[in-house]
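Visitor: Supplied in structure tokens, the structure appears directly below.
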Amino acid sequence: MLRFLHILLTGLFGVLSDGVTAFGGVRLVDGENKCSGRVEVLRHDQWGTVCDHGWGPREANVVCLELGCGLADFTPHSAVYRAGSGHIWLRHVQCTGHESSLTRCAVFLHSNAYCTHENDAMVKCSGTLLTPTLTLLSPYTVFSPGEAVRFSCSILQGHLSDFHLYKHGVSTPLVTQRADHTQKKAELTLSDIETFHQGSYSCQYRIKTGFPPQLLSSPPSNSINITVVELLTPQHWYNTSTEAPAGSVIKGHNFNITCSTPQQYPGGSFQLRLIRSNGTVRQSLPALTPSVTFTFPNAQSSNEGYYYCLYRVQLGGRTFVSRESQPLPIAIRDPDPVLSPMGISWLVSGLTFVVAVIVLIIVAKVLCNKEKKPTELERETRTLLQAKRGLVHCAVEEPLIMISKTSTDPTESVQVLVSVELLVSVAKNHRKTEQLLPPGARFVARANDTWLSQPAWSVANQNISSPVSITRPIFSVSFSMLKHCGNKGQDREGN
């Protein structure tokens, strides 16, 4: 402190005594570039050198900052750069390091120090400001909304004006921290973060340089990525059989509960919690997709209760858990006896039997209706076969007699036309008139005392002729079918 006051008072005395305001500028010459070389100052429109008596890092930094060349890397000896010539304007300079120009430092214009151009002050600047280092003071890189993230931005040299924390892609700083001239690092805190704060961060510092003063920004530091995990409250619903009332599951039926979240992270999982009267049951499934379904086959009373769903994930060494969903009440009800599985089974079996019987009856009717009507020959053959088995019953009506030819000539024969109607009963009570007579049936006629016989081929009219002369014969005709019909004594006579 005493040294600082001494320099300040000495500089003030020098200014008052010799008019330092006559200095016009500072430059570096005979170096590799404009940021290295021999220090010269302009006074009375002439460039002169500066004696290196009392020259040090503070003075060198003031020169580098004034020229916009960063900070001084080192102050080399005069052997590095070529010595100057002409005036030595400043023989003894003392700076605090905060001056905006070398000409603002305290100077001894009338110093007793012996200086030649072999004592010319020289400096090599960094060319740009040194790159700062950003570190994360928080123990994690993953955060929840509302938390704070602490960074530290540091630089090896001082003379800083302020520090800034930038997020990549955003031009304005999110955090600014002012620094004093001796400060080499600053803590930058990002408070009450939200999801939009997730990203990559770096820091920069600024130094006030030149005359008139201007702010020079450093290059950006290294980057640090942070993640902000926001777990929204999951949604959940359940599905079961359609006959179950709302909020209920029928005992023995299957049901499932689906948990869903709009925000998914790698390695996350869903947890389903059941609170029932006798305790709590938990089960988990990995969240490979935004929605996960828990399946419950054969629901029982132990599945009744309140279901809650939450989402859990581990990131960056931390475990994050969402809020639980609203309770989902599920009641287990006994099945309706009519709609019980056994009742349904009996009902289906009964309906199947009734349908089968109806189908059989319909098929039988169709088949009976489709039976072909037998031909005359088939009917005759069937009648004969059944007659032999005693299955045909015959009823012979009385024959009809008609004399078709009469004559007074006794030598001529008389023809008699006879016919008979045969009623044959087949298959019990079904009666029908047969047009064909079975083989062996005969018409027998008697003319007076003469018997005449002729085979009866059909019930059509038959002619029986008398071979003898009979005067006014009296005919009686009978029909015989005793050999083929099951009922005997069917001969009938007609006159």
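Count begins at 1; order follows the chain as displayed.
Including glycine, each Cβ sits where the backbone N, Cα and C put it.
Remember, TrEMBL labels are computer predictions, not curated facts.
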Visitor: Looking at the disulfide bonds in TrEMBL, identify which of Cys51, Cys64, Cys95, Cys203 pairs up with Cys125.
Guide: Cys64
Visitor: Could you tell me which of Cys69, Cys95 is bonded to Cys105 by a disulfide, according to TrEMBL?
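Guide: In TrEMBL, Cys105 forms its recorded disulfide with Cys95.
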Visitor: Pick from Cys35, Cys51, Cys69: the cysteine that TrEMBL pairs with Cys115 in a disulfide bond.
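Guide: Record-based pairing for Cys115: Cys51.
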Visitor: Quick check for the class: what is the C-alpha distance, in angstrom and rounded, between Cys125 (disulfide bond) and Cys51 (disulfide bond)?
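Guide: That separation, Cα to Cα, works out to 18 Å.
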Visitor: Of the residues in the domain 'Ig-like' (132-204), how many are helix, strand and coil by DSSP?
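Guide: Computed counts for the domain 'Ig-like' (132-204) are 3 helix, 34 strand, 36 coil.
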